[in-house]
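Written out below as structure tokens is the structure these notes cover.
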Amino acid sequence: MGRQPCCDKVGLKKGPWSAEEDQKLVNFILTNGQCCWRALPKLAGLLRCGKSCRLRWTNYLRPDLKRGLLSEDEEQMVIDLHAQLGNRWSKIASHLPGRTDNEIKNHWNTHIKKKLKKMGIDPLTHMPLSTTTSEPQQEQKMDKSTKELPETSLQSTITESKEEEKSTTSALLDPTTEMMMMLMDDMDGFCTDEVPLIEPHEILVPGTNDAPSSTTSSSCDSSKLLEELQFPDFDLWDDDFNHWEDLLSDRPKLAIGDDEEYSWTFI
DNA sequence: AATAACTGCAACCGCAAACTG
DNA sequence: GCAGTTTGCGGTTGCAGTTAT
């Protein structure tokens, strides 16, 4: 099957996002909803691939994201869920509202792994280190083959069955979280990755006070952007998703061509 | 003060599943 | 059922900031 090239397409920008790009992306998604990532960059006037836009949105720009370090509770939850699910970061993230798989993955690799090792626990098997091989090489191998993990006592409880997964993970959760999950299940395929969890008027723009001391230039720009950004006042997630059909069918009218300069009027 | 080493996070890459015609 | 396309996921990398020397 032919996979289309993504960012290696000539003319597409890579690397850190600028504040302007963030603004374009946020404005576009807030106006038109989240759909058709492939077409989004052109429609939003971005010289990025759809994949890059999706990543930027889900990992950084989504208004429902919590920022800052994971709390003790969240961290413990990640450890428990990892013991059950392994490196299935998206599954783990789905149990932590406002957290992304990338964020959890990074936190695991940079903080929790070390913490567990310090405590004499193998972060991979969640067993005491003395009973497991702690050869870095071996660990690397294991990491890479998480999908075919040799069954440990904990991991052997993992089942692919959704039903069983629900029951095992919900056992770890507090009643509120459990209820939220049940409600989400009732919402016909709703998942935390589908924005928003909140209404536009409830959007809490990450402020300067509790914002993480993120140090990358793009992050700083974006914090600024999000502070300044005026989210449009409309019901974002009603049946206005047919905006997309309009936009897509209107594409020629928008005169957005591959090599043309885009102009976009922001709300 | 300079710079080497370390750390943490955002972003990219490639694969596979899901979807579509 | 098949081929092509899109989306989602997990692993990895690059780089800016921080700390140690």
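Numbering starts at 1 and runs along the chain as it is shown here.
Each residue, glycine too, has its Cβ placed from N, Cα and C.
According to TrEMBL, the protein carries these features:
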| type | residues | note |
| --- | --- | --- |
| COMPBIAS | A:128-137 | compositional bias 'Polar residues' |
| COMPBIAS | A:138-150 | compositional bias 'Basic and acidic residues' |
| DOMAIN | A:9-61 | domain 'HTH myb-type' |
| DOMAIN | A:9-61 | domain 'Myb-like' |
| DOMAIN | A:62-116 | domain 'HTH myb-type' |
| DOMAIN | A:62-112 | domain 'Myb-like' |
| REGION | A:128-170 | region 'Disordered' |
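Secondary structure of the domain 'Myb-like' (A:62-112) per DSSP (helix as H, G, I; strand as E, B; remaining residues coil): 32 helix, 0 strand, 19 coil. Using DSSP to sort the residues of the domain 'Myb-like' (A:9-61) gives these counts of helix, strand and coil: 31 helix, 0 strand, 22 coil. The average per-residue pLDDT of the prediction over the domain 'HTH myb-type' (A:62-116) is 86, rounded to a whole number.
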